[in-house]
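> So that we are looking at the same thing, I have put the structure below in structure tokens.
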Amino acid sequence: MQTILSHTKMELTLFFRETLALLFTFIVPAVSFVVFGLMFKSNSYDGLDYFQAYIPSMIGIIIFTTAFFSMGLQVVIDREKGVYKRLSGTPLNQRAIFTATIIKGFFAIYVGAIEILLIAKFGFGSELTVHPFEFFVALTFCSITFFSIGFIVSSLAKRMQTALGIALIAMYPMMFLSGATLPLEALPEVLQKMSVFVPLTYVVNVLRDGWNGTLFTSGALVDLGVLLGILIVSTLIGTKFFRWNDR
Amino acid sequence: MNQNVIELNGIVKSYGNVKAVDGISLQVKKGEVLGIIGANGAGKSTTLEIMMGLRKPDAGSVKVLGKDLSVSGDEIKQQIGIQLQQTALYDRIKVKEALKLFSSYYEKNRDLSEIIATLGLKPYLNKYVKNLSGGWQQRTSLALALVNDPEIIFLDEPTTGLDPQARLELWACINQYRGEGKTIILSTHYMDEAQRYCDRIAIIKKGKLVACDAPNRLVESLVNTQGTMEDVYLQHAVEM
């Protein structure tokens, strides 16, 4: 247990030294939230006000960037450098490394979410959700689902450049075709149809359900079902192809 | 001194169609310094990594400190220290942090301040490992291999890429631990090092152990009695 704690502590220390991770987790979503808030805070989106719609959206972006950059990409970087190979020569087991990576992911997402909530509350004077438990459940479930996708990235990409390429290519549809930044109803019909193939669309919907207290209603079933399906398939793929060492 | 701390028995390891290790049997005695030499791709690193428990052999058995590696791997890892060819550490970890982190993985710890003093790492403790020169990175790797006061120290090409002074300094450190009775197993491309510092040298060619003896005996076995360790290498390890 002490071993897992010290390894997790180190993972978190290293996370806070990664400029790219900090930029994508704490800077880009927060700045986007403020800029969009200043421009569109009086708009409504499909019956929701700006904060009801965009607090969950920005936190959805944090989930994506954490899973793809801080976890998926970072695992590939560490593996390519031989870190896991070196660690396999110590008594530290792979379960401990995996646990530390997951804890780092949750930590980044929860801290990023709190940052957005604080900006909404104290920057814009917005009311926060009256369904904190539902939102927490939605946030945690969506995070786990995206962690599993992050592990697919680290399973399929052998080199850092490949993983970075995958993350950057995924970033555009995730950001702009999921409803996380641009309202889906504002997009051309063809792009709206494409949004059903973007996993973050379902994360945004589920987070909004959690935020607005409709997570445990039949209206959330499809989104929850799709995410559960993604989680199962990703876990199966990750379990089959993921390697701690190069060969 | 006669107790075997490592016993390899007919180990085989393939990567796809390539047989990296092809039936190597070898014993290493307690307190011995064993050098493993061979051409690039001969199977030195794979053999070392099998002994370290980093790779599982396809066939054959490995006993380390009297225990079967496939059964007691976790227990054995508490008692060995390893240094890989690459420094293989996180990009943004500092020397002091790496030492503390690796110490936390083991039940038994050697005094870190003593390791730091022996390896001269004190001025570098707050520097990122990746920003150090090759020689200091290797010293850091060696320090990490020592944090648990291991019985056996594995060093995979510890001096490759270092300038002559850095090599000498690193060997002075290694010799200090040899003086404590540690068993040291290393691979190297430097024949002068192998001859000067190793009690025995194992020569691997195409995954097979082709010779294993004391350096002077290997030199004496040459047809040309004026030969050197490099001639031994050329005779045994190189395809002529």
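Every residue gets a Cβ built from N, Cα and C, even glycine.
Heads up, TrEMBL stuff is auto-annotated, nobody curated it.
The following feature annotations were taken from TrEMBL:
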type	residues	note
TRANSMEM	A:20-41	transmembrane segment
DOMAIN	A:20-245	domain 'ABC transmembrane type-2'
TRANSMEM	A:53-77	transmembrane segment
TRANSMEM	A:97-123	transmembrane segment
TRANSMEM	A:135-157	transmembrane segment
TRANSMEM	A:164-184	transmembrane segment
TRANSMEM	A:215-237	transmembrane segment
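Would you situate these features in the structure and describe their surroundings?
Beyond the transmembrane segment (A:53-77), the same-chain residues lying 6 or more positions past its ends with a Cβ under 8 Å from any Cβ of the stretch are 15, 18, 20-21, 24-25, 28-30, 32-33, 36-37, 40, 45-46, 101, 104-105, 108-109, 112-113, 116-117, 120, 126, 128-129, 135, 138-139, 142-143, 146-147, 149-154, 157-160, 162-164, 166-167, 170-171, 174-175, 178-181, 183, 200, 203-204, 207-208, 210-211.
Proximity of distant same-chain residues to the transmembrane segment (A:97-123), defined by a Cβ-Cβ separation under 8 Å and at least 6 residues beyond the stretch ends, is recorded for 4, 7-8, 10-12, 15, 21, 25-26, 29-30, 33-34, 37, 51, 55, 58-59, 62-63, 66-67, 70-71, 75, 84, 87, 139-140, 143, 147, 150, 244.
Long-range contacts of the transmembrane segment (A:164-184) within its own chain (CB-CB distance under 8 A, at least 6 residues past either end) are made by residues 32, 36, 45-46, 53, 57-58, 60-61, 64-65, 68-69, 72-73, 153, 156-157, 191-192, 194-195, 197-201, 203-205.
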